[in-house]
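Chemist: In case it helps, TrEMBL gives these features for our protein:
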{"type": "ACT_SITE", "residues": "His195", "note": "active site, proton acceptor"}
{"type": "BINDING", "residues": "Gly26, Ala27, Ala28, Gly29, Gly30, Ile31, Gly32, Asp52, Asn112, Ile135, Ala136, Asn137, Met244", "note": "NAD(+) binding site"}
{"type": "BINDING", "residues": "Arg99, Arg105, Asn137, Arg171", "note": "substrate binding site"}
{"type": "DOMAIN", "residues": "21-163", "note": "domain 'Lactate/malate dehydrogenase N-terminal'"}
{"type": "DOMAIN", "residues": "165-330", "note": "domain 'Lactate/malate dehydrogenase C-terminal'"}
Amino acid sequence: MLASRMFARGFASSSFQRGAKVAVLGAAGGIGQPLSLLLKLNPHVDRLALYDIVNTPGVAADISHINTNSVVTGHKGPEQLGDALKDSQVIVIPAGVPRKPGMTRDDLFNTNAGIVKTLAEAAAKYAPKAHLLIIANPVNSTVPIVAEVFKKAGVFDPSRLFGVTTLDVVRASTFVGQVKNSNPEEVKVHVIGGHSGVTIMPLLSQTGIKFSQDEIEKLTHRIQFGGDEVVKAKDGTGSATLSMAQAGARFTDSLLRALAGEKGIVEPTYVKSHVAEKDGVEYFSTNVELGPNGVKKIHDIGPVSDYEKKLYEAAIPELKKNIAKGVQFVNKA
Ligand SMILES: NC(=O)C1=CN([C@@H]2O[C@H](COP(=O)(O)OP(=O)(O)OC[C@H]3O[C@@H](n4cnc5c(N)ncnc54)[C@H](O)[C@@H]3O)[C@@H](O)[C@H]2O)C=CC1
Ligand SMILES: O=C([O-])CC(=O)C(=O)O
């Protein structure tokens, strides 16, 4: 029975003996709930641990009634965090406050940096070998925060830390599909850099699609500020949750399949990277091949147009500032 289940799930050749345990931290929130729902539907998930400081018993009870072959547990409050994390192969973190109109993602730093640092400290203690998927904003800074916490604990492995920038490529496909009247599922856009405003750089020149300069400028701006569209439309009640849940579930699924031994899986993600190191930037998103140990191969930026070179020049100082802010937050006296 177990053997046939392993075979069906493609885990026979993986380092796992079974499907994965996935923990969601911030599971009762706007992203956390639909993300947890989608993960309950994922056949690579054996155990789903839902952690939040509020409401997880209800969310877990509700999701646990879905008749897929995984076990759901709810964990509420810091004293239950260790149990949620223990034995997790993957930890997804959408815990933290969302933007209101007029705010930048960096404005969330004061609240979310502390939340992410506390959760990272627990992850370093209870699941130091887990893969960490950071959704909480500002991603440009929260990923370095997690890295610094893991370094301090002596357990940092850059191949297991990911900033989730999938929503940027999801949006890029959608917006290009709309402009070109084509199926967005078939439009692939390499989006590089970070996850805020000018640090989000869609490389439309690599799509093989012909655009006018006006289309390029409008599409680039829309992809860079897609999050603001949702914040404005939600009018003070939050930011993207449903599209983010789908994007987060897609990235988690890609990683789980790669961990299970499936080859050739590539997703863009914000990781410790060599590609912009020459410009003093330590974390950067490009397409990344995922493998049985997380990051397998970080792809280069590839050929860019003159317009995209300018985007890069504008992004670098902002990225540097965001990264330094995260690093300093953990290392301040
Ligand atoms: N990476 C990306 O592309 C995106 C990131 N985000 C970010 O995701 C984060 C969450 O957004 P929403 O779900 O809309 O917010 P939300 O406010 O609906 O949910 C956040 C959840 O985190 C929980 N939380 C707060 N402190 C916690 C702690 N110490 N431990 C565990 N849980 C804690 C809250 O109780 C709440 O349930 C925000 O920072 C937002 O900016 C949002 C959309 C896209
Ligand atoms: O815009 C926000 O604050 C949330 C987010 O990161 C996104 O939707 O891309």
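Cβ atoms are placed via backbone N, Cα and C, with glycine included.
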Chemist: Whose Cβ lies within 8 Å of the mean position of the Cβ atoms of Arg99, Arg105, Asn137, Arg171, the substrate site, other than those residues?
Modeler: Pro98, Pro138, Val139, His195, Ser196, Gly227, Asp228, Val231, Ser239, Ala240
Chemist: Nearest to Gly26 (NAD(+) binding site) in three-dimensional space, by Cα, is which of the recorded positions Arg105, Asn137, Arg171, His195?
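Modeler: So, spelling it out, the nearest of the recorded positions is Asn137.
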Chemist: Could you give the Cα-Cα distance between Arg171 (substrate binding site) and Met244 (NAD(+) binding site), in whole Å?
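Modeler: Between the alpha carbons of Arg171 (substrate binding site) and Met244 (NAD(+) binding site) there are 10 Å.
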Chemist: Ranking the recorded positions Arg99, Arg105, Arg171, His195 by other Cβ atoms within 10 Å, which is at the bottom?
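Modeler: Among the recorded positions Arg99, Arg105, Arg171, His195, the sparsest Cβ neighbourhood within 10 Å belongs to Arg99.
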Chemist: Using all protein chains shown, find which of the binding-site residues Asn112, Asn137 scores highest when you count other CB atoms within 10 A of its CB.
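Modeler: Neighbour-count leader: Asn137.
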Chemist: Looking only at the domain 'Lactate/malate dehydrogenase N-terminal' (21-163), how are its residues distributed among DSSP helix, strand and coil?
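Modeler: The domain 'Lactate/malate dehydrogenase N-terminal' (21-163) comes out at 65 helix, 30 strand, 48 coil.
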Chemist: Within 10 Å of the Cβ of Gly30 (NAD(+) binding site), how many other Cβ atoms can you find? Include all protein chains, please.
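Modeler: The answer is 19 other Cβ atoms.
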Chemist: Provide, as an integer number of angstrom, the distance between the C-alpha atoms of Met244 (NAD(+) binding site) and Arg99 (substrate binding site).
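Modeler: Rounded to the nearest whole number, the Cα-Cα distance is 14 Å.
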Chemist: State the three-class DSSP label for His195 (active site, proton acceptor), counting H, G and I as helix, E and B as strand, and everything else as coil.
Modeler: coil
Chemist: Could you round the CA separation between Ala136 (NAD(+) binding site) and Arg105 (substrate binding site) to a whole angstrom and send it over?
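Modeler: Between the alpha carbons of Ala136 (NAD(+) binding site) and Arg105 (substrate binding site) there are 10 Å.
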Chemist: Of Ala28, Gly30, Arg99, Arg105, Asn112, Asn137, which binding-site residues are close to the residue listed as 'active site, proton acceptor', meaning a Cα within 10 Å of its Cα?
Modeler: Arg105, Asn137
